Amino acid sequence: MLTEKLILASASPRRAELLQLLGVDFEVIPSHMDETSRNDETPPEHVQRLSSEKAEMIAALFPDALVLGADTVVVIAGRMLGKPGNPGEARDMLKRLSGREHIVYTGFSLIQKKKGRRRTQVVRSAVLFKEIPEDEISWYVSSEEPYDKAGGYAVQGMGAFFIREIRGSYTNVMGLPLSEVVETLKDMGSLTFSGDQHDRGSNQE
């Protein structure tokens, strides 16, 4: 159970779904920021900065709460891929990823402003795509699934059949490395696993 109020500073339904797996109570208050990368940033630096800035923005409004911010990018051949803004961008991203391995970086930050507590971590996963035929790319782009996901695909959705192999955290590719988040919460003293969880199912209905 959580020992303090937790706020997820993200509008991502995937991140909320992953946190729900823990059976903990949390509030979603998205932070709306410019996610443009800086010229001098590496991908890990980019996601680390944005996750921290997202958490900091909401923590300033709720200094007593523990705020979780996160950011994810896909990187292939040194190029960062964010979220496609239109069908053309989605198609270009999938063509670029087809038959190749790419890296997914997710940065997450936990901030409790009143007590001056802050933790930030970046997690890396490698994903290998199959060769994707043109008709499959066209079908997937028309599904509308690509448009709010880094790299233009959803590992937990229809995009899963593009994937040959994942090395590293699956939940990291979804947008939140759950194992690392849990360990950080435990290390901060904000999450304990004492108590009976047999009523968890009824509490989630």
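Placement of Cβ uses the backbone N, Cα and C atoms for every residue, glycine included.
The active site, proton acceptor annotation in Swiss-Prot covers Asp71. Sequence-distant contacts (6 or more apart, same chain, Cβ under 8 Å) of Asp71 (active site, proton acceptor) comprise Glu35, His46, Val47, Leu50, Ser51, Lys54, Thr106, Gly107. In the three-state DSSP scheme, Asp71 (active site, proton acceptor) falls into the strand class.
Residues within less than 8 Å, Cβ to Cβ, of Arg14 (site 'Important for substrate specificity') and separated from it by at least 6 positions along the same chain comprise Ala154, Gln156, Met174, Gly175, Leu176. Under the heading site 'Important for substrate specificity', Swiss-Prot lists Arg14 (among others), citing sequence analysis as support.
The site 'Important for substrate specificity' feature in Swiss-Prot is assigned to Thr72 (among others); the stated evidence is sequence analysis. Listed in sequence order, the residues of the same chain lying 6 or more apart from Thr72 (site 'Important for substrate specificity') and placing their CB within less than 8 Å of its CB are Val47, Val104, Tyr105, Thr106, Gly107, Ala150, Asn172, Gly175.
According to Swiss-Prot, the feature site 'Important for substrate specificity' maps to Gln156 (among others).
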